[in-house]
Amino acid sequence: MKTWKIEIVLACLSVVGLIGVAVTKTLWTKAMFSALEFHFPITTCAISCAVTIVALAPVFLCIDLKPVPKGQYGNFTTIAVLTALDLACMNLGLDALDVSVQQALNAATPAAVIMFELLFFRKVRSTWVYLPFIPLIAGSVLTTLASGSHESSPSGVFFMICAIFSGALKAITTHNFLTKMKNEMGVLSFLFWLDIAMLSLLIPGAYLFEEFRGIAHWPRALEIFAWAVVISNGLFGGVRAWLVKVVLKYNTALTKVVCDIIIKAATIGLSVVIFQNTLTTWMLVGIILTMGGFSLYTTAAFYEKMSLRNCVDSPVVKKGKRSCSRKSEPACMVAQAVPERRRISDGDVEEQPLLDSPQHASRA
């Protein structure tokens, strides 16, 4: 009875904590860029990697630090390059755009994932998964046009598009390798070497964007408080990754789906209030369409995943025959039509890049 109560408390706290940390992370980063005038987004990513490395280093005094498996160096390098590109472009977009616009564009990431799945692997989803992309993409485009970001901050829109496609490409091409390496190395060893690899890529990137020269002339370069805020921001990535695991451990996968929707809505809503962004009627319409499409997609993708899991596990389906209810028939048809190696993973929901932002999925 006592254990049961503790699990309920942990389930509730993990959900509240994940939403709070995820929303705070985005708003905190934007506040650094605007209030502290720390317009060095690639350096911010590098600091986050450095903080994670320093935080993990003492842990390996107690546990073994496992190396990258032999024969996986190429795959590991690909993961590091795409993840670093995704993080850098995401922060560059956040620095140049309002949070509401950046989040609306970021919500279109599932559309890129689905497109790459279809082009590269011919993975076919059910109709209900494709339909939400109409309001999702329309809302993202409308929000961008109504905000005028395509004129005032074209570079921000460009970097967000790069982040969307690099994150989607990473999600579908390196997902199996990433999961395999995590299992062989352990999550902590994997994150440690991944952050070292990304740091070696982000530092030259910051130099090419002349951020080091900008930091030398930063008005708050000698303020301890300003640097404390910047360095503290780097801790959020690891905390969020841990909270994602706790949510999935003590809650259902559907709870994680709902959390992602709430995080998007809360981030957009609070950003408008905190940063006093101008919200036009068409921007509001675009945000509503984006959130509606994102919510419909996450719900449809979740139920498709559950239906496919039930169908794949069914001994009748495994023999190549159809034995599905009328309600789950479309998903079962997909399960039978797509080869086994191309089907959606029927493992833990964390193994399927369903709806997490690539930035956060890679850290988790």
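Here the Cβ of each residue, glycine as well, is placed from N, Cα and C on the backbone.
These figures come from a predicted structure and were not determined experimentally.
Per TrEMBL, domain 'Sugar phosphate transporter' is recorded for 27-297. The transmembrane segment feature in TrEMBL is assigned to 40-61, 73-94, 100-121, 128-146, 158-178, 190-209, 224-243, 255-275, 281-303. Annotation source TrEMBL lists region 'Disordered' at 342-364.
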Using a Cβ cut-off under 8 Å, which residues of the same chain at least 6 positions beyond either end of the transmembrane segment (281-303) come close to it?
100, 104, 107-108, 110, 125-126, 128-129, 131-147, 253-254, 257, 260-261, 264-265, 268, 331, 354-355
Do the transmembrane segment (255-275) and the transmembrane segment (40-61) come close, with at least three CB pairs under 8 A (pairs 6 or more apart in sequence)?
no
Do any residues of this chain, six or more beyond the ends of the transmembrane segment (128-146), have a C-beta under 8 angstroms from a C-beta of it, and if so which?
100-101, 104-105, 107-108, 110-111, 114, 157, 280, 282-283, 285-297, 300-301, 303-304, 330
Please give the average pLDDT for the domain 'Sugar phosphate transporter' (27-297) in this predicted model.
86
Of the listed stretches 40-61, 190-209, 224-243, which one has the most C-beta pairs under 8 A with the transmembrane segment (73-94)?
190-209
The transmembrane segment (224-243): which same-chain residues, six or more beyond its ends, come within Cβ distance under 8 Å?
14, 17-18, 21-22, 24-25, 28-29, 32, 36, 38, 44, 47-52, 55, 191, 360, 363-364
What same-chain residues lie close to the transmembrane segment (190-209): Cβ under 8 Å, and 6 or more beyond its ends?
40, 42-43, 45-46, 49-50, 52-53, 56-57, 60, 65, 67-68, 76-77, 79-81, 83-84, 87-88, 181-182, 238, 241, 363
Where else in the chain does the transmembrane segment (40-61) make close Cβ contacts, counting only residues six or more beyond its ends and a cut-off under 8 Å?
29, 32-33, 84, 87-88, 91-92, 94-95, 188-189, 191-192, 195-196, 198-199, 202-203, 205-206, 209, 211-212, 214-215, 218, 230-231, 233-238
